[in-house]
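Below is one structure, written out as structure tokens; comments come after it.
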Amino acid sequence: MGLQKKTDPEQAQADSAASRHTPMMQQYLRIKADHPDTLLFYRMGDFYELFHDDAEKAARLLDITLTARGASNGVPIRMAGIPFHSADQYLARLVKLGESVAICEQIGDPATSKGPVERKVVRIVTPGTLTDAALLPDKADTFLMAVHQQTTRRGVSKTGLAWLNLASGELRLMECEAAQLGRELERIRPAELLYADGIELPALACARTRLPEWHFDQDAGTRRLREQLGVASLDPFGCAGLGAALGAAGALLNYAATTQGQSLRHVQGVKVERESEYVGLDSATRRNLELTETLRGGESPTLFSLLDTCCTAMGSRALRHWLHHPLRDPALPQARQQAIGVLIDQGTDALRTALRRLADVERITSRLALLNARPRDLSSLRDTLRALPDVQACIRDDQGSTLLAQSLHDLAVPQDCLDLLVRAVAEEPATVVRDGGVIARGYDAGLDELRDISENCGQFLIDLETRERARTGIANLRVEFNRVHGFYIEVTNGQADKVPDDYRRRQTLKNAERYITPELKAFEDKALSAQDRALAREKQLYDGLLQALLPHIGELQRVAGALARLDVLTALAERAQTLDWSAPERVAENVVDIVQGRHPVVEGQLAAESVAFIANDCQLNEARKLLLITGPNMGGKSTFMRQTALIVLLACVGAYVPARRAVIGPIDRIFTRIGAADDLAGGRSTFMVEMTEAAGILHHATPASLVLMDEIGRGTSTFDGLALAWAIARHLLSHNRSHTLFATHYFELTQLPQEFPQAANVHLSAVEHGDGIVFLHAVQDGPASQSYGLQVAQLAGVPQPVIRAARKHLAWLEQQSADATPTPQLDLFAAPPTPDDDEDDFGAAPSAVPAPLAPTLAPEQAALVDALANLDPDTLTPRAALEALYRLKALAGEALDAA
């Protein structure tokens, strides 16, 4: 990213080397020297050309032709080019690959230039600074972020974050502990990250740009932000005490302004975020709940894809933001729910019809502020402002909803802006200014006059053709125009003897001659000059129009925010009505009480197959803090846990929820430990990932947290896993005291309520039918009677010989267990009979939970049993399931041989 120019000695050396090249290549090399780390799109006529290493890289990334033409300094010039008119599609591909591109345009006039036409870089396209509609995803925001770490005089290290959505002008700051950086990056998901040397960044799939440390100077950052906002103090914005974040903001704003080649007029405010504002969601929770992305990386089915019936792209982006930022303070969520209720009562059809006609005001406004709005941006903006009264009319009465009242107020039409657009912009303007027809008639008298001259050409040519036919007697004489030869009179060879003496030959064809006359030549000069002058005048007027619209940026941003908010509320109202959701009740008591709750996404998937979803209750309170959930795989344990978390999250967002009734108390964080996956890139095994996530929960969960623990301890040996699961559940009850859903196949844990009355057993039941099994998916009190592992394995397609061998061995194991006499040595959780160890780390004697007996098995048989016990069909991909089948078949063969 060429933000720094070469020093004087370096530049002198570069100039000396450049002097041995052609003038055009000298110009290219000078510009390229200022942007060494970016691809340079060098405009030459109707193409952007790339040279040398840039050409090779672009040819490889874009699959375009690499050629070599001519030579400069005795070296063939490697080059690759793309058409100017299709540059956006190539830019989109490069940006997606994390590349930055400097756009170098011709700013001089080729007709008057001596030597190479003057060129300069007008903007730099990077992954985090996109504003063009063709380069941006419609329904997701693109953020540029700067990260800066600072150590205070007391030795306390703070990490400052500043991030900017250049396509909307939204700027945010926050400071956090270094350990929280990964969680914040996962929440914000920047497209590009700016950082200085010395900072440790967690793994994140985004472009990274390193800047010198001095770019992050706190004092310079403070001055830069004050200058950007036009204020003398940042205290009213809540920036007092922020040091590292202000340094990051300075680097961010300077970088963004440099890429755009101008000031950021639409960045007119800053919001300081505090960790205490939002319900904490770590990366594992966002992934496991599939808020906006499935576990396999898809866009659907997710909570966002289910809820996104928004009518505008602005609304979809706002909905995505709401889902990733549930609020701790219930005031705003309750205001949203009140507005949704009003919209349901009034009906949303008319409002949704009105919203569908609106353009993306948010992004058009940003392009307008950056002076790169296109003609159809302005016509779309005009039509949207015209339609605002229709939107307001669809809300008959806000019925006391402060949010709807505020939205209606913010939708006030910026009349001066609308009047200017109506007067200045043609009803259906051309796509680009250079094609003409953008400025409306009547806006400028000079332009109208030039257009009249140009547009009256047709009548003049008809009149001239009629007169010349009469004068010459040539009945098939034609007067026409083309871009190469201009105006001409065409006469066929058979009529050549009738051509008058004042005709001058302009072009010879196979069967005709083309001529020019003094009268036609004079008209040509006048008409072509008028057309060129009209286009030049129109470009001048268009640039002036953009400048005249700049004072209205704030009003347009206000309108965009109101439209996005109203669109989300309308979509949530439609979803609540269509899907039969209810308004949750928010209370001060520490409680999660859900009656007939459903998983929103799974219910939608089942409905598509005409299958009813089984609703379930979930009660968590001070007397019932942890639910031990047992039952078979595929019985619905994970679905029950996830639906509880999603209902709580939706309540904190301000949406209605998929339940007959829901009472939700204060929630500060939602944690999930669900599923099994290793982290090969990070060098962590499945069990290590599991324990790392569990450690994070145990360190940070509070009594106001909701914790989901699924199959903890399964990644290691049976006794290790059981011991860990027991200790973790006990710690959550005695120390964290969080609302906890704890799913397990360790039936020994079901005795935990004997020690902790705040724990309760529930199970998801199933019924055996012959050799098969029917899952009831209903949550019932008490522990499950068995796991139905063999039946699930049979459903998964495990070969029958394996199932028969496993069933035979299971019967033997159960008989051995029944015949065995328990001894103290086999009591896994009993305290050793020594007076020094009669208390555990929690200050209380451990509960005596009987452990399973361990019969003696042949190694081959033990391997088969362990493989079956550790099999979790809920988490298997089709490929993994197939591999598991082959592995089980091989183990079964070995077990049968051993028997």
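Including glycine, each Cβ sits where the backbone N, Cα and C put it.
Taken straight from Swiss-Prot:
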- Gly631, Pro632, Asn633, Met634, Gly635, Gly636, Lys637, Ser638: ATP binding site (BINDING)
- 843-852: compositional bias 'Low complexity' (COMPBIAS)
- 1-20: region 'Disordered' (REGION)
- 832-852: region 'Disordered' (REGION)
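Neighbour density at the Cβ, taken as the number of other Cβ atoms within 10 Å, is lowest among the binding-site residues Gly631, Pro632, Gly636 for Pro632.
The Cβ of Asn633 (ATP binding site) has 24 other Cβ atoms within 10 Å, all protein chains considered. DSSP gives Lys637 (ATP binding site) a helix state. Its Cβ taken as reference, Gly635 (ATP binding site) is surrounded by 27 other Cβ atoms within 10 Å in the chains shown.
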